[in-house]
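What follows is a short report on a single structure.
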Amino acid sequence: MESRFITYFGSAVSATVLLTTIFVCWNITDDLITLQDMSDRNMQDFKVISDRTWDKMMFKQQSSPPSTPSLIFGRNKRSGDK
């Protein structure tokens, strides 16, 4: 009688641990999928922002006269000839 009780108790504990493990694995997988979706959305947002910024920089560069290093850096380039 006692051996049957131990067997049933062990089986119940084993089943509980197995179901808990399956639930935890499912939960971790769901969290990883959610994280991947958020990362994809954030990367798409970043791409849109960077494309807009790049377009603005190219528009400003095309609309302004060509610049010289002295205009960009505020000083003249050193050279051997004066």
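The chain as shown is numbered from 1 upward.
Here the Cβ of each residue, glycine as well, is placed from N, Cα and C on the backbone.
Residues or ranges marked as domain 'Nematode cuticle collagen N-terminal' in TrEMBL: 5-57. Look at TrEMBL and you will find 6-28 tagged as transmembrane segment. As annotated by TrEMBL, region 'Disordered' applies to 60-82.
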Summarise the domain 'Nematode cuticle collagen N-terminal' (5-57) by DSSP state, stating how many residues are helix, strand and coil.
53 helix, 0 strand, 0 coil
If you average pLDDT over the domain 'Nematode cuticle collagen N-terminal' (5-57), what do you get?
95
